[in-house]
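TrEMBL lists 1-56, 111-161 with the feature region 'Disordered'. Under the heading compositional bias 'Acidic residues', TrEMBL lists 13-22. What TrEMBL lists as compositional bias 'Polar residues' is 41-56. Annotation comment: TrEMBL describes 144-159 as compositional bias 'Basic and acidic residues'. What TrEMBL records for 163-544 is domain 'Amino acid transporter transmembrane'. The annotation transmembrane segment is assigned in TrEMBL to 169-189, 195-214, 241-260, 280-300, 307-331, 351-370, 382-406, 426-452, 464-486, 492-513, 525-545.
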Amino acid sequence: MNNSVSDRSFYIESEDEEDEEREFNKSIEDGGNDSDSSESYTENQQQNIPSSYNTQWPQSYRQSIDLYSSVPSPGIGFLGTPSLSRLGSSFLSSSLTRRHTPETLPFLTKPSVPIVADEQQQQQQQRRSSHSLLPPIHSRRSSIRKDDKPSRVSHEHHPISRHSSFTQAVINGINVLCGVGILSTPYAIKEGGWLGLSILLIFAVLSFYTGLLLRRCLDSQPGLETYPDIGQAAFGTGGRIAISIILYVELYACCIEYIILESDNLSSLFPNAHLSLGGYMLDSRILFAILTTLAVLPTVWLRDLSVLSYISAGGVIASIVVVLCLFWVGLVDGVGFENKGTPLNLSTLPVAMGLYGYCYSGHAVFPNIYTSLAKPNQYPAILLTCFVICTILYGGVAVMGYTMFGESTASQFTLNMPHDLVASKIALWTTICFALIRTTYALTISPVAMSLEELVPSNKSHIYAILIRTALVVSTLVVGLCIPFFGLVMSFIGSLFTMLVTLILPCACYLSILRGRVTRLQATLCIIIIIVGVVSSSFGTYSAVSKIVQSLIH
C-alpha cells in the first residue's frame, strides 16, 4: 500500500469540472475580441516556454507518478449525487484525454494526420485564450489563481491539474503512505522490542519536517514541480538522474514485495497446492508467485492505466478493512491481547528501523500533491493530517498484532490470523486483492517502464514497450523467488532507499538550493537529520542484507 513508496493513481478531480470546461470554452470565444489579446498572448507565450527541468530525462516522471500515487474521483461525495452519472461522460472524456496525450505515452498511440490537425487547432485556441487562463508567473504559486480557483497551466507535454481540495489531498496522501508496510509493523516490534516502537514516532516527525523542506525547495524558483526537478536544481543534471534512478529502483523493489506478498498469502490459504511441470515440482509458494505474475502481466500491457486508477482508489478502504479484521479477531473471536514481549532487542533493532522507515516512503509523491493543490498554503496542514492518521494506524496495528501473536509474529500479521475465522479470511483476501484487483503492481511498475521507454527510438517504441514491460515483470518474479523474505526485503528497502528519499536527500537538496538563506537552526536540524538517516541506513541495510544471506544459506 506505498506506501512506497509503497502503494499508491490520478489526483482527485474537483466536482466543478464541467463549469471549468464552460469557462474555458467561453474564454476561447472571447479571446479574439479583447483589444489587448495580442499583447497578453505574447507575454504568456514567454511565460509558457517549457522549463529546462521538463526537458531532461525522465520527462515522463510527472505523468507516471500522478497516475501511480493518487485517488481519482470527481469529488469526495460523488456517491448518490449527479457526479456519479457524469463520471463516464464528463471526467473520462475531458480530464483523462487532456492528461494523456500521445506525447505522454508515445508507444500507445499512432495519431493520424486529422488528429494532428485537430490538436494544432486546439493548441491555437488555447494560445488565443491564454491571457484569460494563466496569471503572470513569478513563483511556484504563480500558477495558481489569486482567487484560488482551478486553472490550467501550459506545459510542454502535460497540463497540470491544480484542483485538489484539502480533503482530496489528504486522501491522496494517506493512499500513498498507508500501504503494505502496515502488515509488518507487529513484526517490527518483535524485531526491535517495545522501546523500538519509539523509532516509528521519531521517523514520523522527521519525515513530516523533510516533507515541508520539499515544499520550500519547490517554492525556491519557478519551474520546479517534481522530486527529480529538485535534484536538478540542487546538484545539476547528475543529481536529477541519480535521484530518478533511486526513486525508480525503490518502485521496482516494491513490485518484488507484491509478488512475495501474494505468494505468501495465497500459499497460506492453499498450502497443499502444487504442480508438476516437466519433471519439476512447483510447491504452493512458487506456483502462486508464477500465477500472480501471469495475472498482473496483462494489466501492465494496458494502453490506458488511468482506468485502473479508479480501482486503485480502494487502497485506503482496504487498509481500514484489514485493521478492523485484526481488531475483531483479537477482541471478538477470542485470540486476546495477552502477550507481553520484550522491552528491547538490540541485535535485531536495525531490521526494525528499516521496517519503520518503509512506513513513510511517500516523499517521491509529495511534490506532485503540493503542485496539484488549489490552495498551496494548506500543504502543511494536509501533510500533518496524513502523518497523524497513518502513524496512529501503524502504531495501533503494531501494538494489537504483537500483543496477539507475541514472539510468533510473522512478517505479515495476516499469516498469523487463524484461517478458520471469517474475519481472518476477509483480511487475507483483502490483502490478496489489494495487489491484484487494486492493480497496485501495474501502477507501481508503470513509472519504471515509462522512464525506460523514453530511451527507445520512437519508430520502434510500441514493440520495445511490450518487451520492456514484460522483462520488468518477469525479472520481479525471478528476484521474488530467489529472495522470498517479505520482512527482510521490506527492511532493506526501508533502510537503503527510504532513508535516502525521505531523510537524507530532502535535507541535502534544501541546503544546496537555499544556501546562504538558511538559518543556523535550520542548517543544524538538516545536518542532524542527515546523520540520523545515514546511521539508520547503514546499520539497517547491513543487518537486512546479512540476514537475507543467512536465510539463503540455511
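Backbone N, Cα and C atoms are what each Cβ position is placed from, and that goes for glycine too.
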Of the listed stretches 280-300, 351-370, 492-513, 525-545, which one has the most C-beta pairs under 8 A with the transmembrane segment (241-260)?
492-513
Under 8 Å for C-beta pairs, could you tell me which stretch among 195-214, 351-370, 382-406, 464-486 has the largest tally with the transmembrane segment (525-545)?
351-370
Take the transmembrane segment (195-214) and find every residue of the same chain, 6 or more past its ends, with a Cβ under 8 Å from one of its Cβ atoms.
185, 188-189, 227, 230, 343-345, 349, 352-353, 356-357, 359-360, 363, 366-367, 370, 380, 383-384, 387, 390-391, 394-395, 398-399, 502-503, 506-507, 509-510, 525-526, 529, 532
Stretch among 351-370, 464-486, 492-513 sharing the most Cβ pairs under 8 Å with the transmembrane segment (280-300):
464-486
In the same chain, which residue numbers or ranges, 6 or more beyond the ends of the transmembrane segment (492-513), come under 8 angstroms Cβ to Cβ?
4-5, 181, 203, 206-207, 210-211, 213-214, 216-217, 220-221, 227, 230-231, 233-235, 239, 243, 246-247, 249-250, 253-254, 257, 350, 353-361, 363-364, 522-523, 526-527, 529-530, 532-534, 536-537, 539-541, 543-545, 548
